[in-house]
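One structure is given here, and the rest of the page talks about it.
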């Protein structure tokens with residue numbers, strides 16, 4: 001039986017490894033996700049504000065015209081994120097994870113500032129331009145943050161620490177969902193009312209930029225790959241809260257050395273070498289297709305239709321009134337955030353990745369099917385009432401049930417799997433492609449949603465059927481193609497994905513690793529040896545003293 005607070009380790013690990021330093025590095029890096037979550041959440045309800053529509057002469061637009069403008073505002077951001085995620089590769093490869101994150105934060109703040117220049121006279125141009133620039137910073141950060149956290153994390157809490165990225169996303173989203181309800185209740189209609197949510201973007205962006213220089217240490221794995229061994233040992237000792245001569249540090253450094261040297265020999269050096277190796281090595285390319293495809297299924301849950309067009313979603317269920325819609329959206333954000341916290345601290349490293357994805361798909365598909373049935377039969381958008389009828393209340397209950405299933409499964413798990421599934425030589429490239437895949441399918445869904453609601457049946461009930469079928473289709477994908485990655489060291493992912501028995505691959509590899517550790521197998525990975533030799537200790541001590 002799995003215990004909630006039990007850590008499942010691949011090897012004996014000193015308690016000092018689980019210290020405030022590794023958590024602080026991860027938390028500050030995950031602050032990037034707060035600005036990502038806020039930007040993804042606030043825009044839909046901002047466009048629903050009457051003051052915003054009045055400022056930019058949108059009140060006289062038809063439903064189709066307003067839908068196109070809304071889709072353009074949302075999709076310019078997605079386009080910036082797509083290209084920003086590609087920018088993250090050279091930034092992280094050449095500047096390092098830490099400086100790459102700092103650059104991303106500054107680009108985001110620039111874009112957020114540009115948006116504040118918009119008004120009725122200038123039109124929507126500054127918003128379009130600012131969202132493209134902010135998207136560049138967001139895309140780069142979405143690439144680098146999970147990568148950085150996975151590289152500094154001990155295996156037993158790697159899912160939890162990478163999960164903080166998702167927690168940050170949900171906290172930002174929660175603020176974004178509630179900000180427009182707050183301004184609609186407390187600020188008189190006018191320019192200030194809709195401008196405040198745009199200005200708030202600068203708060204998480206500024207905190208992120210200020211926090212990096214003081215709290216984030218460069219990844220030891222990246223430093224080793226750049227030949228900066230002394231700096232790598234210093235940072236690893238700081239993050240692990242251990243001395244250079246501790247056997248755990250010796251073994252981890254040896255393993256990183258072996259992996260980096262292997263990568264250099266097998267892959268080569270230079271900017272293009274990892275890209276070339278990924279696309280010409282069959283098993284890595286296949287693995288990349290599997291892990292990046294997770295974002296097809298994540299977006300296929302319908303989450304970004306809700307994130308960007310929540311007023312449309314709730315109107316289709318029968319929720320009327322701007323303030324009521326904003327309040328309902330805020331409750332959605334609360335549920336998602338609370339359950340994302342539960343996912344991070346109690347689920348991801350105890351119940352694994354694949355199992356919770358399957359649970360999320362089954363529960364989400366059932367919930368979407370119920371919503372489609374209710375909207376198809378009752379058509380509440382065409383028959384609005386001042387209060388929800390019993391059927392509408394039940395539909396809202398299933399909507400929030402869908403939210404719960406999503407929050408503890410597809411919400412953050414694809415990011416965790418992508419960040420941990422590849423060897424260091426190509427991890428930067430694959431994380432870049434993971435982020436790119438996320439923003440590509442994010443763009444597709446967000447751009448298509450307004451049209452889908454107009455074309456796919458009364459009240460858009462066909463949209464819910466579509467998302468139901470997407471979640472059903474994800475089930476065989478997870479069963480037959482995705483091995484469980486929980487607790488497997490980063491350096492052993494090749495062994496995991498080489499297993500033909502996908503369903504039991506994790507159990508097989510974990511048993512092999514424990515057996516090698518118990519036997520002290522000298523042919524196995526160095527970190528599985530019971531302890532470091534005195535010669536290894538002296539070698540590292542000399543490196544530190546140089």
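Just so you know, glycine gets a Cβ as well, placed from its N, Cα and C.
In TrEMBL, annotation is done automatically, which means it is predicted and not curated.
Range 284-306 is the one annotated as transmembrane segment, of 238-260, 261-283, 284-306 (source: TrEMBL). Within the chain carrying the transmembrane segment (194-216), a Cβ under 8 angstroms from the stretch's Cβ atoms is held by residues 24-25, 28-29, 31-32, 34-35, 38-39, 42, 46, 49, 51-52, 55, 98, 101-102, 105-106, 108-109, 112-113, 115-116, 118, 127, 134, 137, 141, 148, 172, 175-176, 179-180, 183, 187, all 6 or more beyond its ends. Remote same-chain residues near the transmembrane segment (355-376) are listed as 294, 297, 301-302, 316-317, 343, 347-348, 391-392, 394-395, 398-399, 401-402, 404-406, 408-410, 413, 457-462, 464-465, 467-469, 471-472, 474-475, 478-479, 482, 484 (criterion: CB distance under 8 Å, separation of at least six residues from the stretch ends). Spatially, the transmembrane segment (326-348) is adjacent to the transmembrane segment (20-49); three or more Cβ-Cβ distances between them are under 8 Å for residues at least 6 apart in sequence.
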